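Report on one structure; see the data block that follows.
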Amino acid sequence: MNDSSLSPEVTADLEYGLDILELDRVYVVPLLAYLTLLIRWNRTYNLTAIRDPREMVVRHLLDSLAIQRYVTVGRLADLGSGPGLPGIPLAISCPSLQVTLVESNGKKARFLREVVRQLGLSNVGVSEVRAEALDEALTYEHLTARALDTLNGIVTVGGHLLKSEGTLLAMKGAYPHEEIAMLPPHWVVEAVHPLQVPKLTGKRHLVIVRKR
């Protein structure tokens with residue numbers, strides 16, 4: 001995938017972010033290939049409101065990769081994946097992780113399949129269904145959700161997918177006190193980690209939830 005249309009600053013921002021996150025720069029090429037596809041398809045399909053490539057690096061790629069250390073192996077379902085976030089950056093940076101991108105919107109699912117095809121991501125599948133309709137109960141070690149719903153909403157539609165010891169990794173902005181308080185009694189918050197996303201201002205938290 002040709003990323004020659006991207007400015008040197010875009011590459012530099014990504015390399016800097018990978019260094020801060022202690023991730024190998026070998027991922028620069030596939031991540032920029034994904035970014036190039038996202039920019040191209042976004043002109044027609046409006047996959048994301050963010051248009052500036054440098055902002056995309058920070059708010060999409062580096063934000064997704066900030067949770068990479070928590071999901072290096074096993075099977076992961078990315079619920080409401082949208083344009084593939086955080087699922088595709090995680091799959092690129094964790095080749096041993098098997099990722100299912102769950103996205104019911106047809107246009108977004110077509111984009112995801114094209115990314116998988118062009119980047120040759122053998123560890124990624126796309127399920128064009130709503131999370132609650134995915135018939136794969138007790139299959140996944142991890143669920144991710146970046147902008148899908150409240151914690152209660154996420155476990156309601158996708159909790160059945162987790163293995164008994166599996167974890168939901170929900171990406172949030174400010175510390176979600178109210179959402180945590182509203183979790184059903186058979187779910188418990190294992191940890192809340194502040195996320196340091198390179199070049200991003202504003203609060204980010206990763207909430208890890210598991211079944212009791």
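Cβ atoms are placed via backbone N, Cα and C, with glycine included.
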Item to check | Further S-adenosyl-L-methionine ligand in Swiss-Prot, beside G80, L85, A131, E132, within candidate set R69, R146 | outcome: R146
Item to check | CB within-chain contacts under 8 A for G80 (S-adenosyl-L-methionine binding site), separation at least 6 | outcome: V102, E103, A131, A145, R146, A147, L148, D149
Checklist entry - Which residues does L85 (S-adenosyl-L-methionine binding site) neighbour through Cβ under 8 Å, counting only same-chain ones at least six apart? => result H60, D63, S64, D78, R146
